[in-house]
Each structure stands twice: as structure tokens, then as C-alpha cells.
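Working notes for the structure below.
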Amino acid sequence: MPLITLPDGNTIEFPNKVTGLEVAEKISKSLSKQATIISVNEELKDLSFVLDKDCSVKIFTSKDKEGLETIRHDTAHITAMAVQELFPGTQVTIGPIIENGFYYDFSRKEPFTEDDLNKIENKMKEIVDRDVPTTREVWKRDKAISHFKDKGEIYKAEIIESIPQGEDVSIYFHGDWHDLCRGPHLSSTGKIGKYFKLTKVSGAYWRGDSNNEMLQRIYGTSWASQKDLDEYLKRIEEAEKRDHRKLGKEMDLFHFREESPGSVFWHEKGWKLFQKLVAYMRARQEKAGYKEVNTPEILDRSLWEKSGHWEKYGEHMYTSQTPDEKIFAIKPMNCPGHVQVFNQGLKSYRDLPLRISEFGKVHRYEPSGALHGLLRVRAFTQDDAHIFCTEDQITSECLIVTNLILDIYKDLGFEDVILKYSDRPDLRVGDDNVWDKAEKALLDAVKASKLQYTINKGEGAFYGPKIEFVLRDAIGRDWQCGTLQVDLNLPGRLDASFVDKDGTKKIPVMLHRALFGSLERFIGILIENYAGKFPFWIAPLQVVVIPISEEFDSYAKEVNEKINNAGISSEVDLKNHNLNYKIREHSLSKIPLLLICGKKEVDSNSVTIRRLDTNKQENMELNLFLETFSALNKASSN
């Protein structure tokens, strides 16, 4: 007689064992129709799972994250099922869910075409119409290996061979078609619905190793309703228009070359944008009491071994051996260098907190397939800072840092921020009393922000808890940018110490802090958030002065000079093109203001302003223009 406890605390007792679906039916008929999966004592299961003991049960529908993810998982399965029905001989590999969708990797000699994707989609809808029942079987490991080898599915067999001896595996059947899978899954293919779309095909190495075969990865998205699917596809269309790689080319900001993958070639305008952000951050940090330093980009292997990075991060580091057989590594992060700066000279408790910042160039190896414009690079600049403080100062410093980060995001147009707080993992270093202080300090800072936050239990680093700052952009996408991390490990490993009030030497606590994270990545996010139409003070080129004919070139040059002298970035366009051509050209480059100069403007010592994305024009006296827009140009004053 299992006693089922529901999330609201109510209980239902059954005379005999029951399935998850029967529990849903007992609650309500409508719930049983909407149910996708259940959790039993917080473990996700199919609706067909048999409950024969007392347990806690939660029922999920497509409105829940877990329910929607199950729909996407099932859609990945019927993608593979459709492919093998249409293209016999194609081998399946893996098909996980990802954010907003799924993918499935296939081994096939012929490339999938756009026409193939349409055929696969139609076959998937046919499979949904068949409403094929889904069943689960548990097989012995060796049986599963033999079965998939006999079918010619060498990739599935290889996956199962990596499972420990003696461990059983679960196989899900959709009719006769079946796949190795942990589940859970919907009860039939008809439950998936037809609210899916295959979006693209790309290459992917088996197991992410470039030494292995190149597979074909089909991406797709799946939703609970047509409305949700349409809205998502609209967001994707808008995201493509905002793609920073496309806009970066149109706006003449940067480019990449195969000769230096993952490294940015900044053009003049792009570099101006980069420098503006650095100048803005530098000014904000100086006001907040940070001391800016610069540390070497290449450091001896011995320091990386002592810091622990060589063991934990070595595969991502670029190394070089010198003629005297010493091994050096290009830094993938700035923290060991900052500890070396702290260690110069005896430090007292009176010197703390000590806030050290750097715009440090770092290099991290990323597989070529993972590189993505400015958003995923191998060489980038961190707006890194490390705060050395006492245990008693952790709380106040965390509050100060959090407020600074949120204030800067607000200046840059990001007011919708979500915080993710991660506390101690099972495997960790440091005293539990210090962990208590560190966790309370970060959680207090999170709560004081009055922003939405999530708690990720046990997901902190082994050396300390952390906060991640997630920005939501203009089209609803989330970007993880800033971090605040308490470090109870590195200062001790690298012999950092200070003399406390009682004259004893103590190890300082170190706070890792980044606001942008990577400047390159943040610029990519800025471009996409604003679709290249930056706020006036951020824009790399703020004004273009356009004389309507050669007769007014002299006045246009004079205006341009005065604008630049006022601290506003301006150019004058004297090219031999007509006015409409120039307006189109500079509008494509997303210049915020175009100033038209003709006889009327010369006679009245004024300019006619044409703002981006409008046909309206406004005449303004030149001195008033300089006064008005100099005030907006706050990058160097904040």
C-alpha cells in the first residue's frame, strides 16, 4: 500500500502498486493528459514507472522546465529515427538536449542538405502521427555491446564499452527503433506534438577530438506550442540580424584570420570602442580604490605548478621551451601574478583591503570548433581584479563589489540581471568556519541587490563560493558575464601573508572579481544587444560631418575640428559622393549623428542634425550642440 506524498504535502494512499500516470489520473483527468514525466524522491522517471513503496512524487507538464526538456529529448530521438528511416546505413551517435533545443550527431558519407532537413522534418511529423508507443528495457552491458555491433552501430557500442563492467544499461524503444538512453521519455511519439524545427547542420568531431571522424550534427528546437515555437524562431531571426560577426564587418570594427584562430584583428573603430570601455572601467575602478598593475604574460612552469593551474588547467595553456630547457607558459589568468605583486613588501592588516586590478591579456586554448567570433576566443583581455582582505572584511568587500558591478551594468544598458550563487562542494579546501563567513558574505550581497537569484547547491569551486552575474539582453537572451569568487586556497599556496593586530602572520582571503569577464566577449554582447546602435557615449565614431557640396568643405572642417576638441569623436566626409549616398553609407555603419552643413548652417553658425534611424532633421546652433553632446559623452567622466 504505497503512500504517495505530493509537493503540497497532501498524501494519497493506494491499495496496490501504481504507475506515475495512475497517480496523475487520481489527481485529475486534465493533469493526466498534460503530464510528461514524474520525479520520485527527486529522481526523474517515466510516467510508466511503477511505485510500490512510500515516496514523494511530483508530476511535470510541458509548462515545467523538466517537462519541456523531455519533449526536446524525445524530439532528438525521432530526429535520429527519421534519419535512419530515410537514409539507411547512417550511424547514430549522441543526441543531447541543449539550451532551447537539441542536436544529434550522425556518421554519414553524404552531407545533409537543406532539402534533406525538410524531408527529415516531414518524416518526424509522420512519426508523431503514428503515435508509436515508447517502452524501456534494461539490458546487460555485454548484450548491448554485441547487439549494437551486430547492427553496425560502432559508436553506440563504443559508448557502452566505456560503461563499467557489471553495470546494466537502459534501452528505449519507439516501436522497433531503439536507442541507448537513460531517459526519462514521453509515453509515445504522439505526445511530442509537431512544434519543432530543424535549424542547421554543422560538423562535429566524435567525442570532440579532432583526431576522430568528423560527424554531421543536426540542430533542432522543440516547444510545447506553436506560439512558443513561432516566438522562438522570431527571436532567432532577430538574433541573426544582430550577429556581432556580421555587424562587425558592416561597421568596420574587427576581423579574424585563419593564421591566428581565436585572436582578434581590431580595426580603428573597434579599437576605439575597446579603449573607451577600458577608459570607463579604469575611471570607475580608480574611484573605487583599485590599484592598477601590469603583470608578465609569460611565467615559468614552476609558478603554475605551485599555484595548481598546471595540474588542473595545463591542457588549456600555451607553453614554450627556451634554449636553456626551461618551460614557460603564457598566462591563462592573472591571479598568480597578482599574488606576486601582493607579496612584494611586508603587509599589515592596516594595508587591507588591498584592491589590485589589471587589464590583462590572457591566452587559453579552445578547440577550433568551439571558437565563435568575439564570444569564444583564444586570446582575450580580462578586466581582472583581486581583493586581498581579512576574514572580517569579506562581507563589506562583497557588498561593495556587487554594487559596483550592478552600477556599471546599468550604465551600459543592462538592468535585467540575474545572480547565481554557488556554495560549498563536498570536496573542498579551507576551514568550515571560514566557508561559513564566505558563504554568508556572498549570500548577503546577493540578497542586498534585491535582484532575482538562484542557489546552486554544491556548485562552488573547491577553493570557495561564488556569484555569477547573468545579463538579459534586448531580445531576452542570457549572458553570463561578471563573477565574484572567494578564494581560500591560492594565497596560501603562493605564500601570501600579512601581519595581524596581534603580531602574528595570517593568510589573506582573496576575492577574484571580473565585471566584463572578457572585454572581447563583452563587446560582442554589446554589439548584439544594441544591434550596433550604441548609446552616444560608447559609440567609437559618434559624429560624421557632411557638407552638401564642395563649397561648404571649409565650414565642415571647422565644425569637425571644434567637435573633436570638445572630446567628441568625429570625422568629416569630403568624398565625391552625393548626400543621399553618404547618409546611407554612414547609417549602415551605425553612426549616431550625421551633421549636414550647407549655406543655412554657415550663415547661422549651426549644424543640421540627422539621428540614426530617423528621417527627421533638427537645426542647432553649433555651441549649443557642443555643450549638449559633450555632457552626454560621459565615458571619461564616470
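The backbone N, Cα and C atoms fix where each Cβ goes, and this holds for glycine too.
Marked as domain 'TGS' by Swiss-Prot: 1-61. Residues or ranges marked as region 'Catalytic' in Swiss-Prot: 243-535. Taken from Swiss-Prot, the feature Zn(2+) binding site covers C335, H386, H512.
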Which of H386, H512 has the fewest nearby Cβ atoms, counting only those within 10 Å, among these binding-site residues?
H512
Those same-chain residues, other than C335, H386, H512, found with Cβ within 8 Å of the centroid of the Zn(2+)-site Cβ atoms are M333, N334, H338, V339, D384, A385, Q485, D487, L490, M510, L511, R513
Please spell out the DSSP helix, strand and coil residue counts for the domain 'TGS' (1-61).
14 helix, 26 strand, 21 coil
C335 (Zn(2+) binding site) has its Cβ surrounded, within 10 angstroms, by a count of other Cβ atoms equal to 23
